[in-house]
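Asks: OK, TrEMBL features for this one:
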{"type": "COMPBIAS", "residues": "1-10", "note": "compositional bias 'Acidic residues'"}
{"type": "REGION", "residues": "1-24", "note": "region 'Disordered'"}
{"type": "REGION", "residues": "460-493", "note": "region 'Disordered'"}
{"type": "TRANSMEM", "residues": "59-80", "note": "transmembrane segment"}
{"type": "TRANSMEM", "residues": "92-114", "note": "transmembrane segment"}
{"type": "TRANSMEM", "residues": "161-185", "note": "transmembrane segment"}
{"type": "TRANSMEM", "residues": "237-260", "note": "transmembrane segment"}
{"type": "TRANSMEM", "residues": "334-353", "note": "transmembrane segment"}
{"type": "TRANSMEM", "residues": "359-379", "note": "transmembrane segment"}
{"type": "TRANSMEM", "residues": "391-412", "note": "transmembrane segment"}
{"type": "TRANSMEM", "residues": "418-438", "note": "transmembrane segment"}
Amino acid sequence: MGGEVVEESADPAPGGGPRASSSRPKLTVLPLIALIFFDVSGGPFGVEDSVGAGGGPLLSLLGFLLFPLLWSVPEALVTAELAAGFPANGGYVLWISSAFGPFWGFQEGLWKWASGNLDNALYPVLFLDYLHPSLSPAARAAALATITAALTFLNYRGLHIVGLSAILLAAFSLSPFLALALLALPKIQPRRWLALDLRRVNWRGYFNSMFWNLNYWDKASTLAGEVEDPTRTFPRALYGAVVLVVASYLIPLLAGTGAMDGSRTGEWTDGYFAQVGMVIGGPWLRWWIQAAAAMSNMGLFQAEMSSDSFQLLGMSEMGMLPAFFAMRSKYGTPTISILFSATGIIFLSWMSFQEILEFLNFLYALGMLLEFAAFIKLRIKKPDLHRPYKVPVGTLGVVLLCLPPAFLLILVMCLASARTFIVSGSVMLFGALLYPAIEYMKRGNWVKFISTSVPSQSSFESAQTQEQAVDEASVNLLPDRSSGKTETEDPEIDLEGVLKVE
């Protein structure tokens, strides 16, 4: 388990190159935990703003205790059920298409891809800021392009390489904070954790910081087709990632805010953990934290790039995008989709951190609201859908599970600036116009599309049933007390009919 290699037989893909089933390693539990960790977090770098914007440590610590329960756990549970039920590339695009049809599936794909590219545009900039913050504009632009190209090439070389590198990068990124926590123990004064100045609270900044540091739990679902035994691997990996992410935030925050002078609350902004390391451990710990931050941004970029590119591949295989997006390299990676995502990142890297943060949060919130709605609709309209992992609650429980995160999503959207509403509205309008334009191109045979032959959910089930005779309760994040029956076939969920162009 974890780093083991699983080989499968070769089979050409419709877009060119090998399919996901070609002879090469697939992701197992440990690499997937690392990728989800980087999709969501990457370590405590960036959580410093929650202390400054929250007017002290109290709101920050409460936020990272309560937000995971109200937001992260529900999103992880929804992702576990739907990713296990639809183990194919494209992830949430497939779920939304099944629940609401291909138009809304396409909109979901556009919103989440745009949000992901905005998110990924941050990481080369942050990587450079940690290593060379004083470059000239021309040198900075050249360095950003070089870093993006180098990290993109690593993604091109194979998803299993990305997964294994994510494990190493996660270990290195978190290691200085174990040292920080141990050195801070004798200096911690618990009363400092209770500091709060309501006059200095910036609610927009606080909620955006919390939301950004705890979102994207669903992102890895877009490469479910590259995961070994996804119906069991995804729930396990999500459980492990939730624990890892929450611990990676709370332990450094408890150590830093408990050991540092409370009068320095206003200094807690991005990058302040390096100063905390300097005060608590000395120059060696500061440099270690700065190096870890730089390496973390590499892991964040790799995880986001993998998810975004395999999402485009999945949409191409569903017939939503031209066939060339599904073309794979000899390493099994989606070449054109990777290059397309990398180009978007370079164009977006000129934006400011706060602008990117608000834009990506708004678009991500739109997509998540649609995912929660699809989760509820599939439970109601398709109760006999085969669910290898099922959240152990009924219809009312599903609705109650989705209400708190939906409220948080709407709150974050309401706090957005007018500029964010305009930009996000433009993206939505573009998506609404792009879908019929692509359908027109498809009907006119302007560009080659893969014929819409998306595998039915029952075909996922039958393929998995031949290999698995395991106790499904062993993969649950929560004990499954439901008595729902297991069907051998579900004719309703054949997505070929759902996605077919009339």
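From the backbone N, Cα and C atoms, a Cβ is placed for every residue, glycine too.
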Asks: Select the range from 161-185, 359-379, 418-438 that forms the most Cβ-Cβ pairs under 8 Å with the transmembrane segment (237-260).
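Replies: Counting Cβ pairs under 8 Å, the winner is 161-185.
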Asks: Where among 59-80, 92-114, 359-379, 391-412 do we find the most Cβ pairs under 8 Å to the transmembrane segment (418-438)?
Replies: 92-114
Asks: Restricting to the same chain and to residues at least six past its boundaries, which positions have a Cβ under 8 Å from a Cβ of the transmembrane segment (59-80)?
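Replies: Residues packing against the transmembrane segment (59-80) from afar: 40, 47, 50-51, 193, 196, 201, 206, 210-211, 213-215, 217-218, 221, 234-235, 238-239, 241-242, 245-246, 249-250, 253-254, 257, 368, 371-372, 375, 389, 391, 401-402, 404-405, 408, 477-478.
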Asks: Based on Cβ pairs under 8 Å, which of the stretches 161-185, 359-379, 391-412 lies most in contact with the transmembrane segment (92-114)?
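Replies: Ranking 161-185, 359-379, 391-412 by Cβ pairs under 8 Å to the transmembrane segment (92-114) puts 359-379 first.
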Asks: Give residue numbers and ranges for long-range contacts of the transmembrane segment (359-379): same chain, 6 or more residues beyond its ends, CB-CB under 8 A.
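Replies: Beyond its ends, the transmembrane segment (359-379) has Cβ neighbours at 75, 78, 81-82, 92, 95-96, 98-100, 104, 107-108, 111-112, 114-116, 118-119, 208, 211-212, 215-216, 218, 351, 385, 395, 398-399, 402, 405-406, 409-410, 412-413, 416, 420-421, 423-424, 427-428.
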Asks: What residues elsewhere in the chain lie close to the transmembrane segment (161-185), defined as a C-beta under 8 angstroms and at least 6 residues from its ends?
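Replies: Counting only partners 6 or more residues beyond its ends, the transmembrane segment (161-185) has Cβ contacts under 8 Å with 3, 27, 30-32, 34-35, 37-38, 42-45, 154-155, 244, 248, 251-252, 254-256, 258-259, 273, 276-277, 280-281, 285, 288-289, 292-293, 295-296, 298-299, 302-303, 306.
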